[in-house]
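Q: The structure is given below, and queries will be raised subsequently.
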Ligand SMILES: *[C@@H]1O[C@H](CO)[C@@H](O)[C@H](O)[C@H]1NC(C)=O
């Protein structure tokens, strides 16, 4: 029973492990460009290959750790493994059988370990196998390697050679063999043989700090590129190197030789040159050259040579007293096409004594001065001259230098100390110059008066130009102008550069680029004006509009590098999001618009006042709202019980028609109880007594004012008002209706109260127009907009 269960349990356990693995290793997994799985465990202090690697890993880097042993179980589950880096560990033994299951392993780097021997097993998928920088005594190439037919790169190290060490791989067409001979053991006066290699590139790394003494005859088929690192020569062992090279350089295919980390005497260097001069080598590169002892005149025969290009980079000169002409003329007279001498302390180069074969000269990063090639008329074929990073100061002198170089097309004098202040008008350039690189100097505006007339590509970036003068020489051929990192405040028009198609003007001080740039520059294909301190004001509007019209291919860096710098509130706003209404940018338009709107407003107000009586409506509306508010605020208890009528109406006999036909019907329609003096007056009492009786029994008193009323009725009230404070100012109980206008001066001066009420203008005017009557009645009704229970006495009277 338990035996049946076991596999199930194991399966479950495995799934659980896999789950954990994915969780843990997930931390290291990153998707590479091809979205395949890569795990980087380099420099993590590993002493063992971790058990929990994800099974799908394809790229595994475990370099620079402390691994010392590899086992089959380490990699057996990594079935997709393609690239395995194990360099810089402490592995002592390598059994290729550990990769038995890695059918796709293409790249294996076990360099810089402590390997002494290997056990072979053909990993046929391998393309790159690096076993260099290990402790092998014999070359670690076993018979099984003959099956690695896909092998492209093979890195090996050895302390001794045997003639047929490399026989197993002789039939494989390798691209690159790296032979580390750092611990090579040299037997006195005994030449070893090594046959037969089949590789395009052969790279030897010799012991770094000992004299070159390796004597091996090496036969290589189809060698194209020989690379030697660490060569230490003096006058005595100089021939050893040449002997070493003799067999290797015999084949016609060896085109390229690179020597890296060379320490030699000048005499030996010259003999190496002389040795190679007659060989098929076309390209000779020397990097990190140290010259020791002394530099004297050495005889050299500039015989016909296959050599096309000599490149020497980074020279340390340990000789302090030497014949300068010996050094410089050696190079100046070379009958080759291309010469590069860079990163040296050379202060000069001589002019060739006869018309020279040089087409390309690169003297980057030396300490040449303005005297270079002055009055030198033998560089007749020179097309490209690079004097980058030297000590040139005068642009005028540079122009004079080119005067006798009739083929010169490209001149690079960037990163010097060039100034352009004197003699600009006298500059004499050779007319053939097409590309001129003046970048990273200290040139100012006047540089535009000293330029080769037919230049097509002009690089002036990183100088001190503030303005392109209007009267510059017309550069009609100029197609590309790079003027980035200067201090220009505006875009140059194309007036002087009618062919301009590429303009780079980023990182300047352009704040208001002229909008007419695109009009004057018809041929523009590309413009980069980013990273300028654009002032996002009205002036910029048109430019931004024009930008919007050119296609985005023309505009480099758009939209990210185009950002407002000013005003403060717009700082950082991308230009593409900067909009200003046409109105705010056009003062005339603004004034006209404001003027027009004012005019329309005045006209409409006048029209409303004159023809529609707007003030009357406003006043009525205002009163109506006030009344509504007031009646709402009156506590209902204050009103209960004391009144018999809602309203008492007082009017002159002459106005009785209006009162009876208009006012009373309208009020009674609303169920408002009215005390009229004809109707409700108590006989036997005086008029005034009756009036007072009526006023005191009514919730409101309505006075219908008209000149007649003032003449005939008001006299009853003026006295009453004077003595009773019933109708104090702002009282709610009084409703004045102005039936006809009463001229102020027609009110007798003794009627103080009436005058006061009239000046307060708290009356309701009876409008003559019928259309206004509605609002009038609404106002009256608003005053009674309250539920009132009148006392019973009123009901008696009514009946
Ligand atoms: C000019 O030289 C600088 C470096 O000194 C380089 O970056 C630039 O591309 C060169 N310009 C041209 C037009 O070749």
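We number each residue from 1, going along the chain as drawn.
Glycine is treated like the rest: Cβ placed from N, Cα and C.
Note that TrEMBL annotation is computational and uncurated.
TrEMBL lists these features:
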DISULFID  427-450  disulfide bond
DOMAIN    643-784  domain 'TIR'
TRANSMEM  12-31  transmembrane segment
TRANSMEM  588-612  transmembrane segment
Q: Using DSSP, how many residues of the domain 'TIR' (643-784) fall into helix, strand and coil, respectively?
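A: Once the DSSP states are binned, the domain 'TIR' (643-784) shows 77 helix, 24 strand, 41 coil.
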Q: Under an 8 Å Cβ to Cβ limit, what residues of the same chain, 6 or more beyond the ends of the transmembrane segment (588-612), are close to it?
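A: Those are 582, in sequence order.
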Q: Averaged across the domain 'TIR' (643-784), what pLDDT does the model get? Just tell me the whole number, please.
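A: PLDDT averaged over the stretch: 77.
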Q: Would you mind checking how many other C-beta atoms are within 10 angstroms of the C-beta on residue 450 (disulfide bond)?
A: 22
Q: Sequence gap of 6 or more, Cβ distance under 8 Å: name the residues on the same chain that satisfy this around residue 427 (disulfide bond), in order along the sequence.
A: 395, 396, 399, 400, 449, 450, 451
